[in-house]
Structures are given as structure tokens and as C-alpha cells.
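The structure appears right after this line, and notes come after that.
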Amino acid sequence: MLKNIFYIIMGPPGSGKGTQSQCLAEKLGLPHISSGNLLRSAIKASTPLGIKASEYIDEGQLVPNGLVWEIVQETLNKSECLSGCIIDGFPRTLDQAVLLHDFLVKANADYRVIQLDVADEEIIRRIYSRFICPSCNFVYNQSQGFRECPTCHSELVRRSDDTLEVIQKRLESYKNTTASVIDYYADLGKLTCVPAEKSPDEVFQSILACIED
């Protein structure tokens, strides 16, 4: 298992990529970069980027490439990411994939892509049952019975874009934009697909088996 490598975790909204990315980051001792969390932090702080991004996210649309890449690249350039990191929520478009590939090649870094496969029906069920900590961005399932975050004790909330109409838009948008990304990484020999409808622990073990090959 390599540590000095970048792992890109892909999958539709609600596929568990945030949870799996965090688990992998803890296992390998690498930073976890979530473009979604970075954008939400910018929105919460009302930065110029955050204000622009919120208009797209609230409508279930993808944030334009330039806005997302600016904040992701800034984070990747930090010293703690020099030995590798776990990236989730990025790239979502072919343009973003090329930008990230060129950045990593220039940095003489290797990377692998893990695609989490989940059916639409399961995605909708998962998203309807999830709650978010607005402070530390951890995701919890309704079945866990938490009303506040066990870590920071903030009240758990639903995301404003976790409605059926917006979820369906996001799924359709994801499929339309990421098909070319998946093909791009497959052609480069970087892609591994992992079935992700089992329990989080079982999915994580499947991911570990893939990266240990």
C-alpha cells in the first residue's frame, strides 16, 4: 500500500465517497480534501467564491470549473499535501480531470482513481436519511439516532439541496458530466470501480483490497 500517492474517490452524490475518503485518509495518514466541504466553508464564510458557488449549488447545478479548481489547487499546493492526499468530489468534468492530471504530472506525483458504483434508488434513500454537522462537515445517518454532532456538539442539519427534485437534478448532471471523466481515467489505466451498496465497512475493505494490488 502506497502513501506517497494521490487517491481520487469518485461516485454520485450519496455514494459514500466522503465517508470512504475519510476512512482512507485515517488509514494512510494522508490529508483528506473534499471540494464540497471546501466550497461549503467558503459559502459559510461568504467569500466571493462562496457567494458565487452557492447560487449553483442551491439549484443542484455544478459549480463552474474555474471556481472549483482555484480553491482545490490552492489546497493541493500546501506542504501537508506534498506526500499525497485523498481527494473526493473532484474532478467532476473532463476539463477538471485534465487540469488535475496535468498538475499531478508536473508535480511528479502518481495517482489512482476509485469509482464507487451505487444505483439511483439507493442514492435517493441514502440522501434522504443523512444529516450533516455544519461545523465539522461530518455526515451521519438518521438510523444512528444523533441529534447533535458527537464530536463538536453542533446541531445536525439537512443540506438545503437534499430535496428530491434537486437530488434528481444532481444525479442527472453527474451522469452527463462524469461519463467522459470515467472514460478518461479508464483510458489512462488509472480507474478501479468498486460496488458500494454494502455496509461502509465492507466497501472500505473492498477499497483497501484494490489499492493493495
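Placement of Cβ uses the backbone N, Cα and C atoms for every residue, glycine included.
Quick look at what Swiss-Prot annotates:
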BINDING   Gly14, Ser15, Gly16, Lys17, Gly18, Thr19, Arg130, Val139, Tyr140, Lys198  ATP binding site
REGION    34-63  region 'NMP'
BINDING   Ser35, Arg40, Gln61, Leu62, Val63, Gly89, Phe90, Pro91, Arg92, Gln96, Arg159, Arg170  AMP binding site
REGION    129-162  region 'LID'
BINDING   Cys133, Cys136, Cys149, Cys152  Zn(2+) binding site
Around the Zn(2+) site (Cys133, Cys136, Cys149, Cys152), what further same-chain residues have their C-beta within 8 angstroms of the site's C-beta centre?
Pro134, Ser135, Asn137, Phe138, Pro150, Thr151, His153, Ser154
Residues sitting near the region 'LID' (129-162): Cβ under 8 Å, six or more positions beyond its termini, same chain?
14, 18-19, 34, 37, 40-41, 44, 57-58, 60, 170
List the same-chain residues at least 6 positions away in sequence whose Cβ sits under 8 Å from the Cβ of Cys136 (Zn(2+) binding site), in sequence order, or say none.
Cys149, Thr151, Cys152, Ser154
Validating a neighbour-count step here. Other CB atoms within 10 A of the CB of Val63 (AMP binding site): how many?
20
Measuring CB to CB from Gly14 (ATP binding site), give everything in the same chain under 8 Å that is also at least six residues away in sequence.
Val118, Glu122, Ile123, Ile124, Arg126, Ile127, Arg130, Ile167
DSSP on Tyr140 (ATP binding site), three-state: which is it?
strand
Tell me the Cα distance separating Gly16 (ATP binding site) from Arg159 (AMP binding site), rounded to the nearest angstrom.
15
Site extent for AMP, whole Å (max Cα pair distance, Ser35, Arg40, Gln61, Leu62, Val63, Gly89, Phe90, Pro91, Arg92, Gln96, Arg159, Arg170):
25
Using DSSP, how many residues in the region 'LID' (129-162) fall into helix, strand and coil?
3 helix, 9 strand, 22 coil
Counting every protein chain present, what is the number of Cβ atoms, excluding its own, within 10 Å of the Cβ of Cys133 (Zn(2+) binding site)?
20
Sequence gap of 6 or more, C-beta under 8 Å: which same-chain residues meet both conditions with respect to Gly16 (ATP binding site)?
Leu116, Val118, Arg126, Ala196, Pro200, Val203
Long-range neighbours only, meaning 6 or more apart in sequence with Cβ under 8 Å: which ones does Arg92 (AMP binding site) have?
Leu62, Val68, Tyr174, Thr177, Thr178, Val181
